[in-house]
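Features reported for this protein in Swiss-Prot:
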- ASN6: N-linked glycosylation site (CARBOHYD)
- ASN7: N-linked glycosylation site (CARBOHYD)
- ASN15: N-linked glycosylation site (CARBOHYD)
- ASN41: N-linked glycosylation site (CARBOHYD)
- ASN48: N-linked glycosylation site (CARBOHYD)
- ASN53: N-linked glycosylation site (CARBOHYD)
- SER385: phosphoserine (MOD_RES)
- 324-357: region 'Disordered' (REGION)
- 68-91: transmembrane segment (TRANSMEM)
- 105-130: transmembrane segment (TRANSMEM)
- 143-164: transmembrane segment (TRANSMEM)
- 185-206: transmembrane segment (TRANSMEM)
- 230-252: transmembrane segment (TRANSMEM)
- 492-514: transmembrane segment (TRANSMEM)
- 527-546: transmembrane segment (TRANSMEM)
Amino acid sequence: MTLHNNNTTSPLFPNISSSWIHGPSDAGLPPGTVTHFGSYNISQAAGNFSSPNGTTSDPLGGHTIWQVVFIAFLTGILALVTIIGNILVIVAFKVNKQLKTVNNYFLLSLACADLIIGVISMNLFTTYIIMNRWALGNLACDLWLSIDYVASNASVMNLLVISFDRYFSITRPLTYRAKRTTKRAGVMIGLAWVISFILWAPAILFWQYFVGKRTVPPGECFIQFLSEPTITFGTAIAAFYMPVTIMTILYWRIYKETEKRTKELAGLQASGTEAEAENFVHPTGSSRSCSSYELQQQSLKRSARRKYGRCHFWFTTKSWKPSAEQMDQDHSSSDSWNNNDAAASLENSASSDEEDIGSETRAIYSIVLKLPGHSTILNSTKLPSSDNLQVPEEELGTVDLERKASKLQAQKSMDDGGSFQKSFSKLPIQLESAVDTAKASDVNSSVGKTTATLPLSFKEATLAKRFALKTRSQITKRKRMSLIKEKKAAQTLSAILLAFIITWTPYNIMVLVNTFCDSCIPKTYWNLGYWLCYINSTVNPVCYALCNKTFRTTFKMLLLCQCDKRKRRKQQYQQRQSVIFHKRVPEQAL
């Protein structure tokens, strides 16, 4: 923020008003003569404040005792709330592992900057207002201004970093999120603080040595190089108006992209419902399989080896044109495979126009299910009938559909031609058992992996449709959860950005007005505007709690001192589980 000095001893611009300088009628007055400005009595003797008779010093700066009590109480409460709120943010980040996300690292940095403002800046500025003069010396003045400006600018820089992080996370989810690590977030946070320090601290501390003298009068505290309104106007543009403009544009883009993704998710859910009703035939007429969604979700790869059999359905397609007689035979042989919907439900997601004539596409659906009788299958050379493959939903394990498409050379021969174009004639089933090594040694190696050929019936097609529906719903659920997280992060950003604009705008508007009229703004307004900038540090933790349920729950737990109880409950639960485990081990050994 930009400090200004206008008719006051606050760290505001020093040269905006001539009321600090005695007019012609005051020329030649001896030291100690008192000049009155409203309700404040300002002495010419080294900036000391005195009573109207000029004999006694006034530590209250001309304020009444009730004014001092009111100012001290109000500002003290605000400073205390700021300190407690930001300490809660830091402690919550420490104790709750759910809050240790990349986005919350930026909020942690913002909380540190706000804590510095609550501990140092607020209290020193309150003392400055009450005493109506700076009584701590030049070094303390420069240190206070340096800390205040660096922390305030770091808050703005952190808001910029958060805005860019949200923007790239929404618009470039695949490329940016792969690089979005805690280490990279730490580098960005460090750059925000280093840039803020380089911009303000050296100039504030050493400007008097650069120009060869100190022009700040005793009893006052302001930045020496901000003695010209035009310079102050430029710093206000760079420190406030430009960042606010950038953050507003980014937030608007984030909002539009979030709305777009919401509509896409609604369309995905609607298409899933229609596909279920129409046996996976896309509304546009082109058939789509669940594998097209798997290409968009590369994270759906899990292993299920324990007590699970792995069943590979190899659906082989052939691009060739059947004869009319063969079409008639197929029409009379099987109603299930004459159903266009059934054929389309198992068709590869790639369009026939994109395939070369004579090429063969092999789509592999790897369906992991819990086969109750897999040991029996291994001990027998005969495969179970198709009825055994129809497993109830409650017995299904993790469904992991993986599509692997590859173009192969055309087969040299076909068995008496095909039944219909792009149909699935044969179903080779390959069973890989995950039994223990001891059991596997008793089984002949030739029977360990049994391959047989069965005619593909409508039951297998129904089973595949059921698995595809389940996977489609899982993908939609993942997208919906991801979108909810993005919306929550966007809500937190919008609340922080709104609070920043509301609290910082009044003071920066006064800076613009002062450029054209240096005596139009009373001193009280300057003090209120500057304090309002500090209140932004008070509001930020409230924004976190209102927009983030995890923060809110952790704050409540910390304020009610329930942290130890939660830890004890977790330890007791772990002990109970350990006892249950040790009881079961001897029973299983017997």
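The backbone N, Cα and C atoms fix where each Cβ goes, glycine too.
Fewer than three CB pairs closer than 8 A are found between the transmembrane segment (492-514) and the transmembrane segment (68-91), and contact between the two stretches is not assigned (pairs 6 or more residues apart). A Cβ distance under 8 Å defines the sequence-distant neighbours of the transmembrane segment (527-546), meaning residues of its chain 6+ beyond its ends; these are 1, 3-4, 8, 10, 12, 75, 78, 81-82, 85-86, 88-89, 107, 110-111, 113-115, 117-118, 121-122, 125, 129, 152, 155, 492, 495-496, 499-500, 503-504, 506-507, 510, 552, 555.
Across the candidate stretches 68-91, 143-164, 185-206, the maximum count of CB pairs under 8 A to the transmembrane segment (105-130) is reached by 68-91.
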